[in-house]
Amino acid sequence: MPKIAVLPGDGIGQEIIPQAVRVLKAVLAETDAEFEFQDYPIGGAAIELVGKALPDETLQGCREADAVLLGAVGGHQWDHLPASERPETAALLGLRKGLNFYANIRPVRMIPSLLATSTLKENVLDGVDMVVIRELTGGVYFGEKGRSDNPRSAYDKMTYSEEEIRRILIQGFETAMLRSKKLCSVDKANVLETSRLWREIANELAKEYPEVELTHMYVDNAAMQLVRNPKQFDVIVTENMFGDILTDLASMLGGSIGMLSSASLSGTQGMYEPAHGSAPDIAGKNLANPLATILSAALMLRYSFGMEAEALRIESAVEKVLEQGYRTGDLAQAGDKVVGTIEMGDAVLAAL
């Protein structure tokens, strides 16, 4: 029986994960598939429970699972801890490294009924449909770092191996093959040696994918182009820090970061989570938007279990709910039906 490790985490994670699980169970109930759902603590909740953000039991449970569904981690009450012990570092980076989730996939699509929610013009956004692929376990976030005194200074080392670059670029090419056969590799090869190696390997791999149109773009230009003309992009592939920044920027192309789903893949497993954080300011108030988490559950069915029809059912239900005018506060405009977290989950279930 396939096993899903469920990690609600902190803040609104405790509210949005139950809605995604409800939707998953409803869809799976109409198939012959039987799944086991097992909850584990992570993040600040785990610190309070056992004294560490990523308990051994949680890491082992995730290793034994076929897929991981994660809510969000972090909160101001743990900011006093050393950086290496905070939920965002110890839990998220530890999980990514421990399970070798090296590829982060974030679909960005403007749903027509949400065009008015973005700060960008409708003619710029209408038709936006792209995938951003971010390398997740290398680069400056995982490099050697430190500080010295007299005078005070700090350093963070960025390193990439050929293997790390090659495997994420292959993910980019393979994804492009399934879509419009257009791949934009984003780097900073005019300044960074790691980016020059990245570009070399991308050009080498392009010979193995002659059907894919490969282009290169510097990250600063990519940020500008995502706002100026986002429809030029179909698949973007980039390194860890650049991807971290660009995916948050791209989230506004879909109306709200509350709509941005995410899949993190290894060769054998997947972890699925919304792109937003734990939002402690609205936690426990039934205000959080669960749609990114529900859409992440759809990605789980697609990537980890090959259940494309069921994934499409969830995505269609989300679109239907939005077309009916249901909105959580982050998406609300005048005249919309503003609902809470639970009510939005109810609406998606009804739309199924």
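For all residues, glycine too, the Cβ spot is worked out from N, Cα and C.
Features of the protein shown, as given by Swiss-Prot:
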- ARG96, ARG106, ARG134, ASP220: substrate binding site (BINDING)
- ASP220, ASP244, ASP248: Mg(2+) binding site (BINDING)
- GLY277, SER278, ALA279, PRO280, ASP281, ILE282, ALA283, GLY284, LYS285, ASN286, LEU287, ALA288, ASN289: NAD(+) binding site (BINDING)
- TYR141: site 'Important for catalysis' (SITE)
- LYS188: site 'Important for catalysis' (SITE)
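Feature annotations (Swiss-Prot) mapped to structure.
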| residue | record | DSSP class |
| --- | --- | --- |
| ARG96 | substrate binding site | helix |
| ARG106 | substrate binding site | strand |
| LYS188 | site 'Important for catalysis' | coil |
| ASP220 | substrate binding site | helix |
| GLY277 | NAD(+) binding site | coil |
| ALA283 | NAD(+) binding site | coil |
| ASN289 | NAD(+) binding site | coil |
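Under DSSP, ASP244 (Mg(2+) binding site) is assigned to a helix (H, G or I) in the three-state scheme. A Cβ within 8 Å of the Cβ centre of ASP220, ASP244, ASP248, the residues given for Mg(2+), is found for these other residues of the same chain: VAL219, ALA223, MET241, PHE242, GLY243, ILE245, LEU246, THR247, LEU249. Looking only at the binding-site residues ARG106, ASP248, ALA279, ASP281, the one with its C-alpha closest to TYR141 (site 'Important for catalysis') is ASP248.
The CA atom of ALA283 (NAD(+) binding site) is located 38 Å away from the CA atom of LYS188 (site 'Important for catalysis').
In sequence order, the binding-site residues near ASP244 (Mg(2+) binding site) (Cα within 10 Å of its Cα) are ARG134, drawn from ARG134, GLY277, ALA279, ASP281. Put simply, of the recorded positions ARG106, ARG134, LYS188, ASP220, ASP248, the one whose Cα is nearest the Cα of ALA279 (NAD(+) binding site) is ASP248. Between the alpha carbons (Cα) of ASP281 (NAD(+) binding site) and ASP248 (Mg(2+) binding site) lies a span of roughly 19 Å. Between the CA atoms of LEU287 (NAD(+) binding site) and ARG106 (substrate binding site) there is a gap of 24 Å, rounded to the nearest whole number.
For the binding-site residues ASP220, ASP244, counting C-beta atoms within 10 A of each C-beta gives the highest total at ASP244. Between the CA atoms of ASN289 (NAD(+) binding site) and ASP248 (Mg(2+) binding site) there is a gap of 16 Å, rounded to the nearest whole number.
Spacing of ARG134 (substrate binding site) relative to LYS188 (site 'Important for catalysis') is 15 Å (Cα to Cα, whole number).
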